[in-house]
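Read the structure below first, then the notes.
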Amino acid sequence: MLLSRTFISFFIFGLINNVLYVVILTAAHDLVPPTTPKSIVLLADILPAFLLKLCLPLFVNKSVSNNDGVDSKRQSVGLGINYPLRLAMIVVLSSVGIILTSLPVPLFIVLGGVVLASLSSGLGETTFLQLSHYYSNDGSNNTLKSTNVAIHGWSSGTGGAGLVGAGLVLVFTTIIKVPIDWVLRFCALMPLFHLWVFFGYLPVPTLNVSSSYSVNEDEEGLIDDIDNCGSHGNSTLVENPTMVDINIETDEILAHSKNGFFAILLPKIRQYFFIYMLPLSVVYFAEYVINQGVAPTMLFPLHQTPFTTFRDSYVAYGTIYQVGVFISRSSGSVIRLKNLYLLGLLQVINLAICILQSIFMFMPSIWIVFIIILYEGLLGGAGYVNTFMSVSEEVQSNEREFALGCVGISDSFGIVMAAGISLWLEPTLCHFQVDSGRDWCTLK
């Protein structure tokens with residue numbers, strides 16, 4: 001029962017955390033004027049999250065011992081942040097941000113709302129990935145299995161968010177013709193589900209504690225008090241991230257931050273860079289250049305499409321892409337791909353094909369483009385889930401929380417780079433098309 005509740009909880013976390021991000025990107029054509037690069041929305045939607053995730057891996061609720069093994073002399077890996085506090089920030093930022101995007105206000109205010117939603121998304125991704133570390137032991141000897149359940153749930157939820165978010169925009173704006181501002185206001189209510197899941201449904205976590213970790217007497221008493229409550233049956237509570245904080249002396253933290261704090265952190269980050277972070281960044285860079293820099297220009301005459309406006313093609317591309325992401329992210333337990341660099345190479349080839357299509361329009365039908373976009377989503381989702389599955393399988397449990405937070409930076413880094421390139425690429429492709437007699441990219 002613990003595993004199924006863990007999976008469902010992290011599925012909902014992933015779904016709600018990412019759905020607003022997807023809605024904003026899918027509605028980018030409606031949020032900015034036709035001649036404004038859609039990647040400006042992507043940049044506002046990802047850059048704050050990226051900067052936030054650069055810092056958050058430092059804020060982990062754990063410590064490691066000195067090489068001499070003396071527990072009383074602990075080196076800080078990060079400064080503990082309370083998970084309920086993070087959750088409250090996630091809910092407020094996302095709801096306020098999405099409401100601002102729905103208002104008839106100047107573009108800079110709309111982009112400000114996108115920034116708030118981005119901060120929420122970045123905080124949420126790092127928080128929930130780190131939280132999954134606390135579900136690395138279900139009371140049995142198979143710690144890997146339970147970790148995979150949490151990661152599977154999160155990955156499936158984030159993939160589902162893409163499908164739900166893009167599907168909402170497609171169905172309500174393209175088919176039912178509901179104004180986009182009403183769709184956005186409806187989505188602003190979704191973050192409230194975080195509160196119900198975290199406080200009312202998520203099981204109490206169990207965690208293997210490494211030999212380098214020791215709790216003090218106050219913590220032992222607090223753990224005993226929590227365990228005696230028995231709020232979730234027979235779960236073996238070792239550490240509850242919602243209630244237990246590790247006491248670290250402020251003077252020790254300040255001294256350590258000056259003398260050796262980053263000397264410890266940088267080698268830890270470096271060991272994950274080439275194995276996990278770089279290939280995931282390449283996958284995300286290529287796919288988001290396609291989505292925001294090339295897809296707005298991969299257009300056909302309306303009589304050759306099933307749509308009545310050109311913006312509908314952009315929304316359809318986003319929805320089909322998310323279908324592919326959902327399929328591949330949900331298949332991580334069935335299909336495991338260890339070669340992460342191969343996924344990046346295939347996505348770069350996909351990007352080259354899409355750019356050639358935008359320039360030369362050699363594909364005779366939009367339906368072929370639909371297949372290419374679906375394939376793009378499959379590669380992107382596979383890159384995400386297989387990277388985090390590899391981390392959960394290969395990184396030691398006492399380092400896994402920090403590793404997940406670090407690797408969570410790489411997708412955002414790739415997207416930030418893609419947004420910067422797309423600010424130049426989309427107008428360049430559009431101008432080329434206009435000079436060639438195709439002005440569809442300038443129309444709604």
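Residue 1 is the first one shown; counting continues down the chain.
Each residue, glycine too, has its Cβ placed from N, Cα and C.
Worth saying up front: this structure is predicted, and the values here are computed from it rather than measured.
In TrEMBL this protein carries:
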type	residues	note
TRANSMEM	7-28	transmembrane segment
TRANSMEM	40-60	transmembrane segment
TRANSMEM	81-101	transmembrane segment
TRANSMEM	107-128	transmembrane segment
TRANSMEM	149-176	transmembrane segment
TRANSMEM	182-204	transmembrane segment
TRANSMEM	272-290	transmembrane segment
TRANSMEM	310-328	transmembrane segment
TRANSMEM	340-360	transmembrane segment
TRANSMEM	366-390	transmembrane segment
TRANSMEM	402-425	transmembrane segment
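Remark: the transmembrane segment (182-204) makes no contact with the transmembrane segment (402-425), by the rule of 3 or more CB pairs under 8 A. Under the criterion of 3 or more C-beta pairs below 8 Å, with sequence separation of 6 or more, the transmembrane segment (7-28) and the transmembrane segment (402-425) do not qualify as touching, having fewer than 3 such pairs. Proximity of distant same-chain residues to the transmembrane segment (272-290), defined by a Cβ-Cβ separation under 8 Å and at least 6 residues beyond the stretch ends, is recorded for 42, 321, 340-341, 343-345, 347-348, 350-351, 354, 373, 376-377, 379-380, 383-384, 387, 390-391, 395, 403, 406-407, 409-415, 417-419, 421-422, 425.
Outside the transmembrane segment (366-390), and at least 6 residues removed from its termini, the chain residues within Cβ reach (under 8 Å) are 129, 148, 151-152, 154-155, 158-159, 162, 275-276, 279-280, 283-284, 287, 290-291, 295, 298, 300, 304-305, 313, 316-317, 320-329, 331-332, 335-338, 340, 343-344, 346-347, 350, 353-354, 357, 404, 407, 410-411. If one looks beyond the transmembrane segment (81-101) by at least 6 residues along the same chain, the residues whose Cβ comes under 8 Å of a Cβ in the stretch are 17, 20, 23-24, 31, 59, 61, 109-110, 112-121, 123-124, 127, 131, 184-185, 187-189, 191-192, 194-195, 198-199, 241-242, 245. Relative to the transmembrane segment (149-176), the listed stretch 310-328 leads the set 107-128, 310-328, 402-425 in CB pairs under 8 A. Long-range contacts of the transmembrane segment (107-128) within the same chain: residues 10, 13-14, 17-18, 20-21, 24, 31-33, 36, 40-41, 44-53, 56-57, 83, 86-87, 89-91, 93-94, 96-101, 154, 191, 194, 405, 408, 412, each at least 6 residues beyond the stretch ends and with a Cβ under 8 Å from a Cβ of the stretch.
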